[in-house]
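According to TrEMBL, the protein carries these features:
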| type | residues | note |
| --- | --- | --- |
| BINDING | 117, 187, 215 | Mg(2+) binding site |
| BINDING | 325, 339 | ATP binding site |
| REGION | 1-23 | region 'Disordered' |
């Protein structure tokens, strides 16, 4: 049997004679044809055309190219300037800030557009209108208009066509204009100064969320260098807000604001808002989201130019929903915890959330539980501090896999031409080995009681740590090393991690001998799926058929 998962129910019958289903299938097929055209614009290697040495000329060229693409589609900068825009950059939390902001403004009665990346299941998730992805027919119409306008005009521009990220950005703004949104909330993709969205010149307000070390090969090796790039979205005379941050990074942002000709305000602590008698439960879980929520309130207040009726803002924060971020999928005997964390800080936040919510679930569970990990990480992103927080979760087992859903190729929406299956699996094996090595070093130093001596410092230095003190871990009562495996697909990893306890998974390929003994005797398994949004998206396609069939919507 091939490596695949089988659902019980929720199956679409493509041979049905129901006219409504036939129409849906025809729309879906037309959509898939558009995605294939879109994928033809992907770079064939991981070295994106816009990557490499970043210079001022790179910035000018990129902005000019985006303006040119928009113009070829009949969209002028005057058209763009007429869209009321909130523009948000950051390393950690910018997506949450954008989704929260969209939810808040929608609760105020505005027609909203949202531009985020990447998508989890389908490309059309990247530019929802009023919290819902545009339907297949609209996607086909808008994409075809954009693609063929660019295709038909390329001879005048030296055969130049936008690459994947660029055409999606063009299409996002094209959709917002066609749909006549009252506000467009725009998430920066990479950095800020040189991002494909930074042709925006007249935002209503801009925001900068938390910073961290990510894309260091492009943005720099220090928080201050990265802050320079993020502050590149600031615009003359346009108000801006940021969350509290270290002094050196804040100085860079304030200096850039002065240079550009604007001001930046630091948002207050979330606790200062009048939340009534009961703490506000945010729609996207995690204590770390409170800083994002404070930034959202300030951005939305400035956008609306009012401090009144804050209850609607709180409602938008409370009812916001974003799949793949601090999300739970509960089965009878397995709970899946999904979070697309892939930076050092976001993985720490993910672990804090996972530890808190699993502890709450354990208190409600009659019987024993076991924790399992499903993990994927790009090899170029690896450093010990990225996976170190995971080692304190007490995982019984950990599965490392590439972001391929089954044995075959991924659906077109989740296919990337630069990815090679063998290379991706070798990467998973490599990350597995690094995880085991790090686990062994920390475990030995901990259980030998050598947390502060010279031996431990040498071991830590050899494994790439800059701070021996930061490697101290409480392994709690989980004395046995984590059993680690590298598996070829997400479905194989989920099947192994759930240990035969999820009735919705096809278990024909798994033998009792493959299941960890500890998992056979527990009553509930808690599976954390993290390290990559592409991994989380593939897992959700297997675990949540509604998402997989495009019925996803924000609350």
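Using N, Cα and C of the backbone, Cβ positions are placed for all residues, glycine too.
Predicted automatically and left uncurated, TrEMBL annotations should be read as such.
Looking at residue 187 (Mg(2+) binding site) and residue 339 (ATP binding site), their Cα atoms lie 18 Å from each other.
For residue 117 (Mg(2+) binding site), applying a Cβ distance below 8 Å and a minimum sequence separation of six or more within one chain yields 126, 165, 168, 187, 189. In the three-state DSSP scheme, residue 325 (ATP binding site) is classed as coil. Sequence-distant neighbours of residue 325 (ATP binding site): residues of the same chain at least 6 apart with a C-beta under 8 Å from its C-beta are 95, 96, 284, 339, 340.
Residue 339 (ATP binding site) carries a strand DSSP state (E or B). The DSSP secondary structure for residue 117 (Mg(2+) binding site) is coil. All protein chains shown were included, and the count of other CB atoms within 10 Å of the CB of residue 339 (ATP binding site) stands at 24.
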